[in-house]
Structures are given as structure tokens and as C-alpha cells.
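**Student:** Relevant sequence annotations retrieved from TrEMBL are reproduced here:
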type: BINDING; residues: ARG126, ARG451; note: substrate binding site
type: BINDING; residues: GLU145, LYS306, 365-374, TYR376, 399-402, GLU426, LYS453, ASP459; note: ATP binding site
type: BINDING; residues: GLU145, ASN147, GLU369; note: Mg(2+) binding site
type: DOMAIN; residues: 205-303; note: domain 'Glutathione synthase substrate-binding'
Amino acid sequence: MAQGILEEVLMNTALVEDLAEVAKDEALLQGVVMRTRETPNSSELVTYAPLTLFPTSVPKAVFLQALAVQTHYNTLVDRISQDSDFLKEALASTIEVDDFTARLFRIYQQILKEGRSQSIVLGLNRSDYMLDQRDDGTSSLKQIEINTIAACFGGLSSRTPDVHRHVLKVAGRLEESQHILDNNPAAGLAQGIAKAWELYGSERAVIVFLVEENPEIFDHRYVEKELWKRNIRSIRRRFDDVSRTGSLDQDKRLFIDGLEVAVVYFRTGFMPQNYTTEQSWDVRLMMECSRAVKCPDISTHLAGTKKVQQVLARPGVLEKFFPDQPQAVELIRATFAGLYTLDMGPEGDKTVAMALAEPDRFVLKPQREGGGNNIYGSEICQVLEAVKDSTERTAYILMDKIHPAPVHNYLLRRDAPLKMSTCLSELGVFGAYVRRGEDMVMNECVGHLLRTKSSEHSDGGVAAGVAVLDNPLLI
């Protein structure tokens, strides 16, 4: 917690050991749990999800800035998804060299050709930031990426505030415990899904969570539970399940196991390895062609690519999407880090030279989600030296490296020794929107997520086994 917890608490070994046991038990009591690595497909054995012992101090003004800009990001993603000319131009070089993005784009082209079967659009996204430390000691909010598919930990982060409140109370920090914010992204994400289900217009229809088996099932369950509170039925299916029992009727209604599907909520499908067979791609296409509401649909999925993020940072591009909203442009642009093209030509050549000269200033980002994919330091030189004269370089973008202020905390993980770590944190903000035709019927910021990792790790999230769950303590 750095400023929020006195040094005497962090340095009191006996107290920290007691509080670690308290935190683990409270996490289990509050349902901040996950399946074990040994049994990822069974809930017979569960453990606490990795988390910090103490919440992390976050400047209040920067935190509120992240919340305030989220509805504009929702609008931006939605408008990009409707602009086929922009997506075609932005991704033209990428789809020449990146097979995964190209496969997605071919589905997109087929949908454009055949026409959309559903006018209802559901977007559940998470915009991720780090706080860049300025020379004067203040912090600047800089976006790392926006996740438009399978944005995770909205469920577990709804339960972590009570864990840290309890730890602070036991530590004798009652006042600080009262400053832990309420947070319930699960309810907000479910509200978006429920609104799309309602607009679909069939009480018998179900929500399908498209999943792969993983230890984070309880993160999904919290959203499912919120849907059940509204008496909306949800089922969990994998690509191969839908391949066996999924079909479209003559009206393009999607049926799985004989159940009509109102909404397909993708919690997988964002990495090449999620599509294990050609049948997986056939399933994706079938769902995109259907009348079911997709979260995300294929155009919204493409709107979240790293290449689109880089193109948006070009002068005049945001103004295209917000022609009469200079304040929205200003709020969004203020969160941009430096982003640079690696397309073939003088501008891309300049980017390559800049990265090779000072690799520690940058992050090299491929068109991948899921954490652990970015390239840093000397590895940037290795990759760029190999592809600098080839179109292969256009599969990446270059971004300024963000430098958050390190803090000290304890990272609690099953079977890991208890030790103080120097940590860096990443703030995520969840957005939910629903549009029917031209009418935006819901556009909200629905919660936040703080993840913290040891500074020795350059990349990777909670699911990748690097970061842990945290809470902001506003200062």
C-alpha cells in the first residue's frame, strides 16, 4: 500500500504472517476462489485466487479520470465496429501477415457480404491503464489496451473489496478500511447481457457462455448468478459442443441442444489456440451468421486489435468518430501513450530505427490477447532485426513503455513463500453498452479491476499466473 499503510505494518513480520492467513481465509469466505492447477476441470478442489495482502494506493483524480472516459471508449468501439471502410484500411497490412487476424477478417467480410442478421449489439469491454510517473512525481493515466472480447475478472473483483476491508480492520486500520470502494462489475456486465436478452424478445431463449475449461470458472459464475437473479437461464458450452449440437433454422435463429440462443457471450475465442479444429472456425461463422446477439460480434472483436489501437492515435482519426464532440476526443486522447506503425515505408522504417536505438523505451506488441505476448528490451532488437526488411514486421505495433511508480506489497499465492515484493499495478475499467439499430439503449461504466505484479515481470495477467487481484485505496 506504500503511503496507505505505515511502514511499521509492512515491516512487522509477525503481524504480516497473521494477516496473510486472515486474508486467505477471508478470500475463501468471500468466494474469491479458483480451481487448482492440478484439477482445472473440477470444483472438488479449490483455492483462493491470487491477491495482494494490502490494497494499493491510487491517486483519486486519476482513478476518476479512468471511470469518466469509459463511456466514451464504449462509444468509440461501437462506432469503429460500424465503419467497415475504417476497419478494412486499418487492418489491411496486418491481415497480410497475421493468419489469426486474417481468419477473423474473412468472417467479417462474409458477414458484410451477406448482411447482418441481428441489429442488437452488446459490448462488454475493459480498458486497461497504467499510471505513468512524471518527473514531478505526479501520475498520468495511459492506456495499455482495450479488451473487447472475454474481458475477465469482473466476477472475482466484485468480491475482493470485503477481503481487504477485513484485513485492514484486523491490522488496526479501521479508517483506511472504510475507504475501500464498493465494486460490482459482475452486476453491470450481467445488466448488459440481460438488456440484450430482453431486446431479443424470447423468454424461452438462453444465454450461452462460450468457454474453454479453465481454473477461473468462478469468475464466470458470478455473472451467471446475476442473470439467474433475473430468472434468465444460461448454459456453458465449448466450441466442440456447439459443433455437435448447434444449428440455424430458416430464420437464422441459433439453437444449441434444442435451446434457442438469445446471446452468445464469448469467454474464449480470442487466441489462435482456442480454435483447435476447422470445426471451431465453422462454429464461429455459424454464430456470427445467426440472429443471436454476439458479445462481441466479429466487427467489435476486430475493433479491439492492437493495430486499430495504433491507428486511432494518428492525428485526426478520433475526430472522425466524434465529429461534434471535442471534449470526448480530448478525454480519450489524454489517455493515449505513444503508438507507432511498423507498416512498410518511411514511417515504419523510422519506427524500426527508433526501437533498435533505444529498445528499453518501448514495448513491441503483436495482435494477441491473453497476456504474456508482448516483447521488451533486448528481445525487441532480436525480433526487429529478423523482420525489419520484411512485411512480417507489420504484424506488430510499437508503443511507448509506461513507467508506473513501484510500491511494496505482499503477493499471496498458493504454495508461494510470503515475502515483500516491489510491485507495479494495472487499472482496468469495465464498460457495458447495448445498441439496437441506431439507438444506444445502454452505455455505462460498470466497475473496475486492479491487478498487481512483481516488478521483475514485464508482462502477463492473473490468468497467465503473473499478476494478482488487488483493490485501489484512493489517495
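Placement of Cβ uses the backbone N, Cα and C atoms for every residue, glycine included.
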**Student:** Given the model, what does the mean pLDDT over the domain 'Glutathione synthase substrate-binding' (205-303) come out as?
**Tutor:** 97
**Student:** I need the CA-to-CA distance for ARG126 (substrate binding site) versus ASN147 (Mg(2+) binding site), whole Å please.
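**Tutor:** Counting only the Cα atoms, the answer is 5 Å.
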**Student:** Cα-Cα separation of ARG451 (substrate binding site) and GLU145 (ATP binding site), in Å?
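**Tutor:** Between the alpha carbons of ARG451 (substrate binding site) and GLU145 (ATP binding site) there are 14 Å.
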**Student:** Quick check on the domain 'Glutathione synthase substrate-binding' (205-303): DSSP residue counts for helix, strand, coil, in that order please.
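**Tutor:** Tallied per class, the domain 'Glutathione synthase substrate-binding' (205-303) gives 41 helix, 26 strand, 32 coil.
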**Student:** Rank the binding-site residues ARG126, LYS401, ARG451, LYS453 by how many other Cβ atoms lie within 10 Å of each Cβ and give me the one with the fewest.
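**Tutor:** If we count Cβ atoms within 10 Å for the binding-site residues ARG126, LYS401, ARG451, LYS453, the smallest count is at LYS401.
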